[in-house]
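Residues or ranges marked as ATP binding site in TrEMBL: A:30-37, A:147-150, A:Val176, A:184-187. Annotation source TrEMBL lists active site, proton donor at A:His37. Summarising the annotation, TrEMBL assigns beta-alanine binding site to A:Gln61. Marked as (R)-pantoate binding site by TrEMBL: A:Gln61, A:Gln153.
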There are 2 protein chains.
Amino acid sequence: MNVVTHIHELKELIKQHQEKQHSIGFVPTMGFLHEGHLTLAKEARSQNDIVVMSIFVNPLQFGPNEDFESYPRDMERDQRLAEAAGVDILFTPDVKEMYQNEPSITMTVQKRTDVLCGKKRPGHFDGVVTVLTKLFHLVSPTNVYFGLKDAQQVAVIDAMIKDFFFDLHLVSVPTVREEDGLAKSSRNVYLSEKERQEAPALYRALKKGRSAVENGERDVSRVYQLIEEELVQTCGEIDYIEIYSYPELEPLQQLAGQVIMAVAVKFSRARLIDNVIFHVPESGEKHV
Amino acid sequence: MNVVTHIHELKELIKQHQEKQHSIGFVPTMGFLHEGHLTLAKEARSQNDIVVMSIFVNPLQFGPNEDFESYPRDMERDQRLAEAAGVDILFTPDVKEMYQNEPSITMTVQKRTDVLCGKKRPGHFDGVVTVLTKLFHLVSPTNVYFGLKDAQQVAVIDAMIKDFFFDLHLVSVPTVREEDGLAKSSRNVYLSEKERQEAPALYRALKKGRSAVENGERDVSRVYQLIEEELVQTCGEIDYIEIYSYPELEPLQQLAGQVIMAVAVKFSRARLIDNVIFHVPESGEKHV
């Protein structure tokens, strides 16, 4: 595995692979790798000639009161895990390398942001699309891999690729979970023992909501209620329970089409998110 | 020459050339080609395996009171000229093809815009960088060609390429002029006979300013005055006379380094612009 910190080194390696017409799978991360990331890397490994992973804690996507400084980092362990997952090139630039000058041009996400986590993180997705535009240009990936745990991020990246005609394929990979259903996350390390025991309630609640819809429930407020009943059993504070079309993230007139149900719960030192995305048949669609 | 109007056709052709590892020279235009454009195409022809030209009058870079609707168009003539200049692929999409959905993400140019023409065309360069981002992703050029007549545009594109690590080389080509010095422009057709006779004053004024500096003048206000003296002899209305660092387009503490002198003059139906860019030795630099 090549570990490179400088853009010119990365570009040199990418150029060599492009000359060989290699397909390039790209997994952008903020590091502190867990099984979720490694699943992305393995998926990339199985679908491309080479796999590039980036580890870059992007300051532009953190708000002033967010955890940029304290975001967990462990580069030595990450390198070991990335190599074991089949990564060929690990790109680990510092902030100065990625933001060489004060930016002349800013990107602003106008849609799909004022819901879910985006609502409380103004500017977050602007930072995400800015750094991804840079990384996509540096890596020239054939396929890019993102986990559906951050379903809103996937929706925004989907819009970005379509808006700007990025010549790459977005592969969205299902959320990887602990045995008890808790979605894997770098921030799970911040949970107390009791919170860790309660945290699987997020996924339980979502499954309950989804089951209800699958069994014919079409009253959105009833579905909210079912999800809420499950979440209030934890000591965490419910941040949101939301149901939208996906990937448009628009309010639903009726429960139909591709739908996301998403929840966020604040525990003492960590805010956890989870979601399920599934297809609800249009009325009549089941008869086809 | 292949003339394509659809993105999927363009991408198919580009892919074929990429597989052959061809270098791609790209000349984005708004059509109504004149010798300036053709010089860019010929430059591209001499430096690349294939030449792609786009003709797209981009609505996003026109203000509400600007001449989008009346911007001159002559596709038949343009095709003939492009082919003669050695263009291999002419991409002529319509607006619906380039802006398929209402945009989810906007780009805003924060620097190099509040001077020269940008000052009076709010949002103009936002439209330029948006359409170029799309076009660059579609064409995957090795080299892109722009004329220095629109020096501010070149400066903004330079910033865009650096900010977002676009993997391409910007080639800025000197302004092509009529024999009497008038910079070639699609808008010259709007000049009356008298205005056309007076229009070379723009370049004459700039040359006078440059000569003064080259001969030791370092008083910026004196240089402005020399330029103005020349321009007031036309019936046009002076829109601006400006002197900045280039490509940063920042006010100069002193006349030194890479410098742009630019003018704009409003005639009855056309506003003409012109500029000269040249290097002014730092004090002491001449002794090196």
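Even glycines carry a Cβ here, placed using N, Cα and C.
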Of the recorded positions A:His37, A:Gln61, A:Gln153, which sits closest to A:Ser186 (ATP binding site) by Cα distance?
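Out of the listed candidates, the nearest Cα belongs to A:His37.
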Would you pick out, from the binding-site residues A:Met30, A:Leu33, A:Leu148, A:Val176, the residue whose Cβ has the largest number of other Cβ atoms within 10 Å?
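Its Cβ has the most other Cβ atoms within 10 Å: A:Leu33.
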Are any of A:Met30, A:His37, A:Leu148, A:Gln153 (the recorded positions) within 10 Å of A:Gln61 (beta-alanine binding site) when you go C-alpha to C-alpha, and if so which?
none
Across all the protein chains here, work out how many other Cβ atoms are within 10 Å of the Cβ of the residue listed as 'beta-alanine binding site'.
21
What does DSSP say about A:Leu33 (ATP binding site): helix, strand or coil?
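It is coil.
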Taking only same-chain residues 6+ apart in sequence, whose CB is under 8 Å from that of A:Gly36 (ATP binding site), what do you get?
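In sequence order, the residues whose Cβ lies under 8 Å from that of A:Gly36 (ATP binding site) (at least 6 apart) are A:Gly147, A:Lys149, A:Thr175, A:Val176, A:Ala183, A:Lys184, A:Ser185.
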Residues with Cβ closer than 8 Å to the Cβ of A:Gln153 ((R)-pantoate binding site), same chain and 6+ apart in sequence?
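When sequence neighbours closer than 6 are ignored, A:Gln153 ((R)-pantoate binding site) has A:Phe125, A:Val128, A:Phe146 within Cβ distance under 8 Å.
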Using C-alpha atoms only, work out the spacing between A:Met30 (ATP binding site) and A:His37 (active site, proton donor) and round it to an integer in Å.
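So the alpha carbons of A:Met30 (ATP binding site) and A:His37 (active site, proton donor) sit roughly 10 Å from each other.
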Count the Cβ atoms, other than its own, that fall within 10 Å of the Cβ of A:Ser186 (ATP binding site), considering every protein chain shown.
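19, counting other Cβ atoms within 10 Å of A:Ser186 (ATP binding site).
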If one looks at the chain holding the residue listed as 'active site, proton donor', which residues at least 6 apart in sequence have a CB under 8 angstroms from its CB?
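Once residues fewer than 6 apart are set aside, the residue listed as 'active site, proton donor' is near A:Val27, A:Thr29, A:Met53, A:Leu81, A:Ala85, A:Gly147.
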